Amino acid sequence: MSESEDKTTELTPTDLALDLEGRHSVAETIIGKEEDQKSSLPPTLAPDDPENPKNWTPRKKIMVTFVLCVSVLTLTYSSTAYVASLPALMSRYHISQEVAILGVTLTVLGFAAGPLLWAPASEIYGRRAVYVFTGVFYGAFSWGAAVSNNAASLLIFRFLIGFFGSSMINNVPASLGDYTTPAERGVYSICYALMAFGGPSIGPLISAFIQHDAGFRWNLRVMAIFSTVLGLAVAFLPETHGPTLLKRRVAREGQAPPPLTLRMIATVFKTALARPVIYLFTEPVVMLVSIYLSVLYGILYGFFEAFTVVYLEIRGFSSTSYGLTYISLGLGSLFACVLLATIGQKLYLKSAKADAERGWATQPEARLALAYYGSILCPISLFIFAWTAPFNNVHWIAPCIAEMLFAISVMLIFTGFIPYLIDCYLQTAASALAAGMASRAIFGGVFPLFSVQMYHKLTVQGAASLLAGIACILGPIPFVFRAYGSRIRSESQYIRRDHVVA
């Protein structure tokens, strides 16, 4: 595959300096020049530039990926590990179950608010600066939650944990896009997906034993320790954002423009902050992907509430045995990773080769090869869970198998669409991902508030069947992209022109 797939607007340091000095507006310079074809990409390093992160050694890429992805795990783990302490928190702070569950909801809502700030900030100041800044507060507020003496402060800290930690869960895919080639991107994205969607699975598994043996304080402390260590580790990673590296080179060569005034900075942020919202409501690609993934995210977090009803209330499992049922979700995620690294990568390379023979750049739809199967498997797994989980005469392994199939389907869908957005938007991928992350987090945060009541009122089989029906309605979306993807992308003002087939 040729490097032409990743070509971007290239400026010499002199050109960039002149732009910054006033030939174009400050906001236009940092966000990217408007081209005649309405494509907008910021100036970045040339593909063959030695400083381009895409030319890092495989060892360096693997090490950076490991640290970034484990930092994502700290947040997704914390988002659900809290659930194991709900009864203890209700007793300690004299609060209702609904108020206690707000600790999950507010953290996930922090995922929605944070990316709208951290995504454009990473495209202005670079990925590393944002990771360092947010990492300090992420660790500090994790410790604040661990030592909270009342419910109000605990809930506030839980929101702030999600708000500052969201810089990692949103910006890491964009960082992966910074230093991987299209052929590599799918494999590296698997690690991110495993941490992003495996974390919520292992959270209740590990925290159930911590809560049982050491109490809720140590459950919160383990989250804080985990968050602090990785927050510090991320601070030592190199910058990956090409446009930021180019601007630093300009500064080193003495061609940097005068410092931006406060008014200029405000203009830049106003424009950059608007981009995720603009993408969400005006870009058909971002809109369709966000709708699909948001509902799936809500179903995922609502699904966790079903486990408490099924295994604790109906089947009478102990708290630790209940935690072990999450192993099925973890196994499903691992199995999906194997599929993605083997069959998925082979199908992507096959599609890339076919596009190259036609004289095209590799089309983003090549990322969706396994997402088609995931969209079919998702409602099937929910229907199996609905009609096996609440019946004691059905062995517990049956709903666990359904959980594993559900985890596989979610992984196949998400690991198809996340790289899909990166391939479409490149240097502004963080904003495209932020738009989707914000909508997903709103759904994921709201679903737990009514899930328990829904499973009680509609019964487990009724509620899970309802979710399966919704998944059926949304299932055709990947196939819509397969049939009309190029046409939909051709309507975009921001997607790369070389990715649109006439």
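From the backbone N, Cα and C atoms, a Cβ is placed for every residue, glycine too.
No curator has checked TrEMBL annotations; they are predicted automatically.
Features as listed in TrEMBL:
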REGION    1-56  region 'Disordered'
COMPBIAS  20-38  compositional bias 'Basic and acidic residues'
TRANSMEM  62-87  transmembrane segment
DOMAIN    64-487  domain 'Major facilitator superfamily (MFS) profile'
TRANSMEM  99-118  transmembrane segment
TRANSMEM  130-148  transmembrane segment
TRANSMEM  155-174  transmembrane segment
TRANSMEM  186-210  transmembrane segment
TRANSMEM  222-240  transmembrane segment
TRANSMEM  285-304  transmembrane segment
TRANSMEM  324-349  transmembrane segment
TRANSMEM  370-390  transmembrane segment
TRANSMEM  396-422  transmembrane segment
TRANSMEM  429-450  transmembrane segment
TRANSMEM  462-481  transmembrane segment
Item checked: Ranked first among 130-148, 222-240, 396-422, 462-481 for CB pairs under 8 angstroms with the transmembrane segment (155-174) -> 130-148
Notebook entry, point to check: Counting Cβ pairs under 8 Å to the transmembrane segment (130-148), which of 62-87, 285-304, 396-422, 429-450 comes out on top?
Noted result: 62-87
Check: At least three Cβ pairs under 8 Å linking the transmembrane segment (285-304) and the transmembrane segment (396-422), pairs spaced 6 or more in sequence?
Finding: yes
Check: Considering pairs 6 or more residues apart, do the transmembrane segment (396-422) and the transmembrane segment (62-87) have at least three CB pairs under 8 Å?
Finding: no
Notebook entry, point to check: Which whole-number mean pLDDT does the model give the domain 'Major facilitator superfamily (MFS) profile' (64-487)?
Noted result: 88
